[in-house]
Amino acid sequence: MESFLQGDVCQDLREISVVNLIVSIVIVIGMLISYLPQHVRIISRGTSEGISPYFVLLGTTSATSAFANILLLPKSRQDIACCKEIETFHCVAGLLGIAQLGVQWICFTFIFVLFLVFFRYNAADDPDSEAALVEEQPRWQTALLVASLTLLHGLAVIVVTGILSTIAHDKLAIWANVLGVMAALLAAVQYIPQIWTTYHLKHIGSLSIPMMCMQTPGGFVFAGSLFARLGWAGWSSWGIFVLTATMQGLLLSMAIYYEIQARNESKDHTPGRSTSHPEHYANNQEQLQATMDRQDSDAAAETTPLLK
């Protein structure tokens, strides 16, 4: 009887919906493309300034929980098991829903890595930094805490999953729902620290507006794709992205407002010698260097005795 039911499940994978297949492929490619602007912006600016460490922590742990959740759902485990019986093409097509969450996890984990690599550990030692702005920057202890908690969370998910797979296989579905609820809760509050940080700084820093412009509507499309595959039973998977897209839309609105405001102000004020934080006006390393060179030139040409 079990073999017969397994055969029915695998037969469903052989009956590929062209529309769902195309949508799933577009989502995977679109997800990869949508994260690239954020990766490039952090690397090009050479700093993760403006990105909340708690946003990175919550986002990475939420993505880890979501990926583990969909891997452990009974439907996903059945689909993976069917790959032993069906053709490679049908297997890949049937697992695209899992691949979508896997890509999302990889891309956000890379943001976590870039945040740590380009974190300014010695901002407080910068003699040109204003004290108020230095206090706004997260300390290196915070970055270390974020890294430790993220790694511990990933390790805990792996250990618990391994134990249940070995001695309590029938409990995996419950653990999957626990991970889904955890991912949903983390996603629900993921953007709150980032919204606060952006509001407090009044500029977007290393946040990428193009990324959010693609991901906000894409989040709702992605949720719809997962709903079509998993139905109401998969609420713990697709519900994450409904919450995330809504919160990200709010952050995007704030980011666009501050960016327009900053551009309007830059027309009336070009950062000169007195600007202690020219990085707030630069979108990349080249613009920052040009601003600093102009400041040095202005200082060299200064003839006022007191300032000289």
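Each Cβ is built from the backbone N, Cα and C atoms, and glycine gets one as well.
Automatic prediction, not curation, is the source of TrEMBL annotations.
TrEMBL has this to say about the protein:
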type	residues	note
COMPBIAS	267-280	compositional bias 'Basic and acidic residues'
COMPBIAS	282-292	compositional bias 'Polar residues'
REGION	267-308	region 'Disordered'
TRANSMEM	16-33	transmembrane segment
TRANSMEM	54-73	transmembrane segment
TRANSMEM	93-121	transmembrane segment
TRANSMEM	142-168	transmembrane segment
TRANSMEM	174-192	transmembrane segment
TRANSMEM	213-232	transmembrane segment
TRANSMEM	238-258	transmembrane segment
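Touching of the transmembrane segment (213-232) and the transmembrane segment (174-192) is ruled out by the presence of fewer than three CB pairs under 8 A, sequence neighbours closer than 6 excluded. If you look at the transmembrane segment (16-33) against the transmembrane segment (142-168), you find fewer than three C-beta pairs under 8 angstroms, all six or more positions apart, and that falls short of contact. Where the transmembrane segment (142-168) meets the stretches 54-73, 174-192, 238-258, the count of C-beta pairs under 8 angstroms peaks at 54-73.
With a threshold of 8 Å between CB atoms, the same-chain residues lying at least 6 positions outside the transmembrane segment (54-73) that come near it are 97-98, 101-102, 104-105, 108-109, 111-112, 115, 146, 149-150, 153-154, 157, 161, 172-173, 175-177, 179-180, 182-183, 186-187, 189-191, 193-194, 197, 230, 234, 236-237, 240, 244. Using a Cβ-Cβ cut-off under 8 Å and counting only residues 6 or more beyond its ends in the same chain, the transmembrane segment (174-192) has close neighbours at 55, 58-59, 61-63, 65-66, 68-69, 72-74, 157, 160-161, 164, 235-237, 239-241, 243-244, 247-248, 250-251.
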